[in-house]
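Engineer: For reference, the structure I am asking about is given below.
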Amino acid sequence: MTSDSAPANAIDLAVIGLYFVLTITFALYVSRKDRSVEGITAASHSIPGWLCGLSIVGSFISSVTFLALPGKAFIENWNAYAFSLAIPVAVWVAVKYFVPFYRNGGQISAYSHLEAKFGGGARLYATLCFVLSQLGRIAIVTYLMAVPVSVFLGWDIRTIILVTGVSTTLYTFIGGITAVIWTDAIQALVLILGALISIALIWINVPGGAVEIIRLGASENKFSLGSLSLTLTESTFWVVFVFGLVGNLQAFSVDQNYVQRYHVATSAREANKAVWLGGLIYIPVSAVFFFIGTSLFAFYRHHPERISAELLDPLKGDWVFPYFISTEMPTGLTGLVIAAIFAAAMSTLSSSLNASATVIYSDIYRRYIKPDATERQSIRTIRLTTIAIGVVGTLLAILMIHAGSTLDVGWKISGIVSGGLFGLFLLSLAVRVRSRLAGAVSVSVGIVTVVWLTLSQTQWLPLALRSPTHPFLISTFGTLAVLATGFFILLLVRTKPSSSTN
């Protein structure tokens with residue numbers, strides 16, 4: 001980053017090392033009793049709602065939250081917070097419709113029900129989409145974590161990525177979903193504590209404290225949620241809100257990370273409690289991270305000599321908070337905040353690893369390769385798959401290229417990969433007719449729509465063929481394309497037999 005940052009001292013390294021030791025030890029301890037297939041994938045339905053809810057918070061708060069949100073608020077404003085404001089609507093829909101649907105279905109996979117409506121191809125498509133999106137998620141989250149930690153420790157980024165990937169894969173491999181749930185919950189508390197310590201330290205060092213931060217932020221329009229205009233070509237409040245609504249509905253409906261939480265809960269009521277708790281806690285927590293960015297803006301406005309000019313570049317926003325941690329925090333607290341950054345990454349990685357292994361086992365191995373697999377074969381498959389996903393995700397993190405704001409890159413990748421998946425799920429709920437044709441054609445149209453909107457953001461398409469739509473809306477239009485095409489195909493299918501009979 002800059003030459004101002006210095007390697008960590010022994011006390012901070014001890015704090016970080018203690019975090020790793022306690023995390024791995026605790027994960028192995030809580031999962032020691034039940035290591036059956038049911039235990040590895042569903043925790044034998046033994047997790048209380050409060051614990052499950054905290055684990056959802058841990059999955060919500062990744063390195064993107066911890067580093068990219070402050071970077072956004074520092075360079076720009078609170079426009080991205082509109083994403084969080086859409087969560088209550090998504091939670092209400094999830095509790096009313098999605099949780100009962102999956103609890104009553106009984107299948108651990110979020111995609112097995114698609115086969116009944118649209119055939120095995122739809123189920124396989126959904127599974128592959130999810131695994132691909134999780135590999136991208138692992139890469140983004142791990143890379144974002146490694147950036148500040150490399151500055152702090154003075155280690156190569158690749159080394160930090162490898163240490164994190166191996167450690168997380170280890171306890172997920174051995175402990176399964178039980179280890180994931182417990183460590184996610186504890187890591188959520190650690191990273192929230194780290195955020196609160198950070199913001200308190202910034203306030204203390206800004207003349208006038210929080211009042212001055214709010215005054216300066218308001219005068220510079222730093223608290224703006226974005227324009228209220230109805231254009232679809234800019235990152236307005238409404239564009240981000242719609243993106244957040246669709247993204248959160250998609251997470252609660254077709255993201256195995258969340259669907260699996262519905263099954264691990266002891267009852268439907270506890271599952272509902274978990275969703276409400278996890279979703280609603282994230283709203284103020286994400287506000288804290290945005291306020292960290294605004295506070296950093298005020299801090300460096302009052303102390304311009306304490307920041308490198310290169311960090312004022314709009315493309316360097318993700319580096320500002322790590323720079324503050326490495327140059328301004330006292331010994332001991334620095335180690336705790338760095339541990340919180342590790343926690344933010346590892347809670348996301350462990351969930352992605354276990355969820356990906358679960359759907360590959362359920363939707364591919366048991367469906368196509370070995371339907372009559374024994375308990376021992378099943379456990380071995382889940383564990384080997386966990387290792388494979390961990391290895392590939394870690395390698396992708398090492399290969400990841402830094403291009404602009406990581407938050408924007410992550411959101412674009414999310415929309416590209418899963419643009420048709422949410423639409424296919426909604427279509428399966430809305431219709432009673434079974435039609436492979438409707439599933440195949442609607443998904444194909446959805447993919448074409450997503451690819452077209454994605455290429456419109458590049459120079460590859462002629463100007464006349466490009467869509468001016470903002471990339472945050474890619475998943476929304478992909479979903480609408482799937483629904484519209486599916487309903488049209490089903491209308492034709494229903495009309496044709498009727499006329500022939502008459």
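From the backbone N, Cα and C atoms, a Cβ is placed for every residue, glycine too.
For 6-30, 50-69, 81-102, 123-145, 157-181, 188-206, 235-254, 275-300, 382-403, 409-430, 437-460, 472-493 (among others), the entry in TrEMBL reads transmembrane segment.
Can you tell me where each of these features sits in this structure?
Structural biologist: With a cut-off of 8 Å between Cβ atoms, the residues of this chain six or more beyond the transmembrane segment (6-30) that come close are 152-154, 167, 170-171, 174-175, 178-179, 182-183, 186-187, 190, 326, 331-332, 334-336, 338-339, 342-343, 346.
Counting residues 6+ beyond its ends, the transmembrane segment (50-69) has Cβ neighbours under 8 Å at 80, 137, 140-145, 147-148, 180-185, 187-189, 191-192, 194-195, 257-258, 261, 264-265, 270-271, 273-279, 281-282, 285-286, 289-290, 292-293, 317-318, 321-322, 340-341, 343-345, 347-348, 351, 405-407, 410 in the same chain.
Cβ atoms under 8 Å from those of the transmembrane segment (81-102) belong to residues 110, 225-226, 237-238, 240-245, 247-249, 251-253, 258-259, 262-263, 268, 271-272, 275-276, 279-280, 282-283, 286-287, 290, 429 of the same chain, restricted to positions at least 6 beyond its ends.
Within its own chain, the transmembrane segment (235-254) has Cβ neighbours under 8 Å at 79-80, 82-87, 89-91, 93-94, 98, 110-111, 126, 130, 225-229, 275, 279, 411, 414-415, 418, 421-422, 425-426, 470, 472-473, 475-476, 479, counting only residues six or more beyond its boundaries.
Remote same-chain residues near the transmembrane segment (275-300) are listed as 49-50, 52-57, 59-61, 65-66, 69-75, 78, 80-81, 84-85, 87-88, 90-91, 94-95, 99, 192, 195-196, 198-199, 202-203, 205-206, 212-213, 216-217, 220, 222-223, 248, 252, 258, 261-262, 306-307, 320-321, 324 (criterion: CB distance under 8 Å, separation of at least six residues from the stretch ends).
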Engineer: So which of 157-181, 188-206, 437-460 is most in touch with the transmembrane segment (382-403), counting Cβ pairs under 8 Å?
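Structural biologist: Selected stretch: 157-181, with the most Cβ pairs under 8 Å.
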Engineer: By a Cβ-Cβ criterion of under 8 Å, what residues six or more beyond either terminus of the transmembrane segment (437-460) are in contact with it?
Structural biologist: 114, 117-119, 121-122, 125, 412, 415-416, 419-420, 423-424, 427, 431, 466-469, 471, 473-475, 477-479, 481-483, 485-486, 489-490, 493
